Amino acid sequence: MSQGTIVQCIGAVVDIQFPREAMPKVYDALKLENAAGSFAEEGLTFEVQQQLGDGVVRTIAMGSSDGLRRGMKVASTGKGISIPVGHGTLGRIMDVLGRPIDEAGPIEADELRPIHAKAPKFDELSPSVDLLETGIKVIDLVCPFAKGGKVGLFGGAGVGKTVNMMELINNIAKQHSGLSVFAGVGERTREGNDFYHEMKDSNVLDKVAMVFGQMNEPPGNRLRVALTGLTMAERFRDEGRDILFFVDNIYRYTLAGTEVSALLGRMPSAVGYQPTLAEEMGRLQERITSTKVGSITSIQAVYVPADDLTDPSPATTFLHLDSTVVLSRDIAALGIYPAVDPLDSTSRQLDPLVVGEEHYNVARQVQVTLQRYKELRDIIAILGMDELSPEDKLAVSRARKIQRFLSQPFHVAEVFTGSPGKYVPLKDTINGFKMIVNGECDHLPEQAFYMVGGIEEAMEKAKKLQ
């Protein structure tokens, strides 16, 4: 175990000098000497980012750098950051270094795995076309998820990314008998606490492993915490299991990379992001994949800065996803939740060969009707409904019913709305929208379709309104 001394501290970036012949490798973990003169596991950890030459390495502190000073002793562990994986992590909350933060004693791990690993080889990958039912109408209809696929929830501030993710966890993780891993990357600590209690109250805590590196953590922690969660998910996948991997929020991962890049003195690229943005994103996303042994289905929340989907961070994330669920501020302003934009959201699974002719045709008819309404909105605003042709009046009437029928009460929002959450099976979703586009519901008032589950519930509500 080679030892070095701190020669410079600039915030989270620390330069450490080692003997020339014993310089640590890039991504090696280093430990700080404690007051007792030992290099304890719970002490401050550094990760090597650059070798500057002459025995000096530039590192990022994986914790607060308060109290560091020049001349302090640091030891190389000779390997990268390794974390406990396996069944001992289920029901536990860990930090980026795999240390428990739930005050429930040490974690009994099957093994320790390094967080830096190569993506599976091309011949080990396994494509998947099986659909994953979510019980959320708008998602199942226009942007269906694939088992073993990658899904992104895109949205600006306050349009419901985390609530949608919590509902997906509620509907999938509880129905799905497999295991889940949740990585909280740079988000609010309160949300992590809510998530933990939600899982505990639902009695599924023993099927979930959680890792958090929240907003108050240094950039090194936020940059690596997604890899920690992914390493845990990979271990379960390699056992032949189907894993759900939730990440909230991928944008904070990018942002932490930007902070680290600036601290390391790299020249920024477009909009101030790090020059290695595409490579860093690819390194994470290429590992989130399904092999012939097991699958990882990943659902990632992606914050969209200033609601601009062309921003380099969300734009780079788009490339890696199978389904994109775009949350719209305009739809949220109408009071329609989930505020998913059915015209902007896409999925590779929405193909007649995968979902079947009926599902595909209904979804496309819904989109065509909503698109026609969008085109007519300006005319309606200027001239009013009376100036439209009978066909257009009918299209607008159906579109407004579809728009309201795309809303749905959530289980996780019951405490705020007072209305019980609804899980809608896929066949009921297709049947409901098919009836609306075919004109079988033209006689019903549009208010009857707002915040209901299936079409039968809308009909019951219509009877009460009449």
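Glycine residues also receive a Cβ, built from the backbone N, Cα and C atoms like all the rest.
These come from Swiss-Prot:
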BINDING   Gly155, Gly156, Ala157, Gly158, Val159, Gly160, Lys161, Thr162  ATP binding site
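Around Gly156 (ATP binding site), a 10 Å sphere centred on its CB holds 17 further CB atoms from the protein chains shown. Cβ neighbours within 10 Å of Thr162 (ATP binding site), excluding its own Cβ and spanning all shown chains: 19.
Ranking the binding-site residues Gly155, Gly158 by how many Cβ atoms sit within 10 Å of each one's Cβ puts Gly155 at the top. Within the same chain, residues at least 6 positions away in sequence whose Cβ sits under 8 Å from that of Val159 (ATP binding site) are Leu327, Ser328, Arg329, Ala332, Ala339. Around the Cβ of Gly160 (ATP binding site), the number of neighbouring Cβ atoms within 10 Å comes to 21. Considering other CB atoms within 10 Å as the measure, the emptiest surroundings among the binding-site residues Ala157, Lys161 are those of Ala157. Annotated ATP site Gly155, Gly156, Ala157, Gly158, Val159, Gly160, Lys161, Thr162; additional same-chain residues within 8 Å of its Cβ mean position, judged by their own Cβ, are Tyr303, Leu327, Ala332.
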